[in-house]
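Among the features that TrEMBL reports, transmembrane segment is placed at 12-36, 56-85, 92-112, 118-136, 148-166, 172-195, 207-224. Under the heading domain 'Peptidase S54 rhomboid', TrEMBL lists 53-194.
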Amino acid sequence: MKYKYYLRQYPVTALLLIVTLIMYIVEIVMGGSTHIEVLYNLGGLTRADVQLGQWWRLIVPIFLHIGFQHILFNMLTLLVFGIYIEPFLGSWRFLTVYLLGGIYGNLVSFAFQSNQTISAGASSSIFALFGVFVLMRRALINSNQYQYLSGQIVSLAVINIVIDIIDNLAGGTISILAHLGGFVGGYFLSVVLGSPQAKNYQTWQRILAAVFFVLTAVALYSYGMGKSVV
């Protein structure tokens with residue numbers, strides 16, 4: 001069965017897709033994925049609540065989505081990224097970048113978004129994977145599928161940005177800041193973690209990247225915690 005093959009080859013990608021789809025179904029059952037109350041009750045990112053100690057709101061939004069178009073495009077992008085990048089990085093590195101890159105992006109959103117904003121979506125994690133692609137694209141050149149992969153990934157990233165700009169202009173709740181933060185986080189995480197199929201950075205460079213990632217994450221959290229919610 002093909003699905004068994006995909007589960008063996010891309011276990012983390014499959015797991016992330018399944019968990020996200022389950023969360024979307026929960027959103028629908030609770031009243032709809034575009035309802036602010038539903039997003040809030042399920043753990044959407046709001047600065048005031050993180051300041052009150054609800055730290056999980058920096059993690060849970062990775063698995064929440066706002067409308068069918070939002071989840072459809074993000075999951076298609078995850079599928080494309082996962083098929084090529086999970087085998088390249090290895091499953092545990094892929095999962096680490098997806099989760100920590102997503103959290104880093106949400107920290108940027110937490111620090112700088114409007115007090116009245118509630119945000120959600122896997123885009124911060126998706127852009128963390130795009131950061132991996134940008135850093136390791138030279139290693140990927142050795143793949144016969146590189147040109148196809150490159151075109152797909154760049155196109156998906158551009159479309160994602162355009163959709164989110166339109167959403168923001170329309171007063172939506174998809175955070176562009178989280179995208180940018182996710183990209184930066186993914187870029188530096190890929191320096192730290194490396195890949196079995198690429199020439200990795202020297203130890204001192206990886207340590208420096210790790211220190212940068214941790215210190216900036218702490219700084220973003222501290223900055224967000226210190227902002228007024230009025």
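In case you wondered, yes, glycine gets a Cβ from its N, Cα and C as well.
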Counting Cβ pairs closer than 8 Å to the transmembrane segment (92-112), the top stretch among 12-36, 56-85, 118-136, 207-224 is 118-136
Within the same chain, the residues 6 or more beyond the ends of the transmembrane segment (12-36) and with Cβ under 8 Å of it are 6, 42, 44, 63-68, 70-71, 74-75, 78-79, 81-83, 86, 91-92, 94-95, 98, 118, 122, 173
Taking every residue in the domain 'Peptidase S54 rhomboid' (53-194), the average pLDDT works out to 83
Near the transmembrane segment (172-195) in space but 6 or more residues beyond its ends, with Cβ under 8 Å, are 36, 39, 44-45, 66, 70, 88-90, 93, 96-97, 100-109, 112-113, 117-121, 123-132, 134-136, 139, 160-161, 163-165, 201, 205-206, 209-210, 212-213, 217, 220
